[in-house]
Ligand code: AMP
């Protein structure tokens, strides 16, 4: 199977060849013919599967064949993505495919001023790539009119839901014409997606390349049971083995990620950090420095890193396990892009046993253990009786702690720095809600 047999115009095939893309990926083979035939498509595809071209090529093909001039404010195609970085990436990928054509693209995301975006829309745009929040702001200002939009793409739709964009999406749905073609791509299919799919898609063709939530086989996954206080030493030791290769390190909180970045810098690594508190300029500069290899380590939180496509990433470290289990698969999907190999290393501290269990359940697979042994899970304490001492028996997730006898024997299989004294830390309680914790990122 090649791109010619999928029915794409020679012009697009040439543009692909110029980028060294000759054979379609499985999601492209499955989705493109249906999309070319005008069908709505619901694609279950993992990060790195070639989704952008799967929806972008048929859309560009149709827009190129119908040479209607872009009118002010009224994009002919709208692509929604959850994060600024992903939106930019889609914009840049499609711009490269559309080079030399009459099609004008625009990128509308938060974190930058309104005026240039309003002016850009007023000049006429064929393809608008946007994050939902900023798009709604521009709709409110009447700077964008969706009444003539022929193509709609919802990319990484599950993360848009996780980030709380459901209201924006519902609002946008009401402003689009009924007669349009819609494609929805998601790595997972949570329940709420059915509502979204029902609201946006008409009789969609379902395409799927890998069971949702399962990791790319080419990623070598490893797990270290390591005490919280010993994680940084272990990370430094592992990073040190591959100093010349790009590594992304996931932390859970903005503050924790900043602190970790400083520690890694102090240990002599070139480090950049991205999270929700960084300005758009800082995020863009950090990613550019990482992409160009000026810094080899990027410390990131989930919200800033989803959808990042940097082909050279060889190592993903889950310094903290994600509290939304599906994010584990998204995080490790930052490596082994487009057929390359990659390694994903996860650290599990005593209070992360619950997260680990959820991740392995969602993946339907165990992560092979590189060092240490599972922490003993302390059963959940009973709720406090009236009159009991304060602090006793608050609810929470099961906590892990090293078994007393075990603690003396570890570190097992050579976990560096996993000192018994550090392992026996006081278990932390989870008090925050486990999903939609993106405010922390
Ligand atoms: P995506 O899943 O759209 O983020 O794509 C992941 C990566 O795969 C990007 O770097 C694309 O340039 C690359 N890619 C997309 N389609 C192909 C293809 N047919 N052959 C080789 N690489 C591809």
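Each residue, glycine too, has its Cβ placed from N, Cα and C.
Check TrEMBL against the ranges 1-29, 30-58 and you find motif 'Q motif' recorded for 1-29. For the motif 'Q motif' (1-29), the list of distant contacts is 36, 43, 45, 49-51, 53-54, 57-58, 60-61, 64-65, 96-101, 207, 209, 338: same-chain residues at least six beyond its ends, Cβ to Cβ under 8 Å. In the predicted model, the domain 'Helicase C-terminal' (218-385) shows an average pLDDT of 88.
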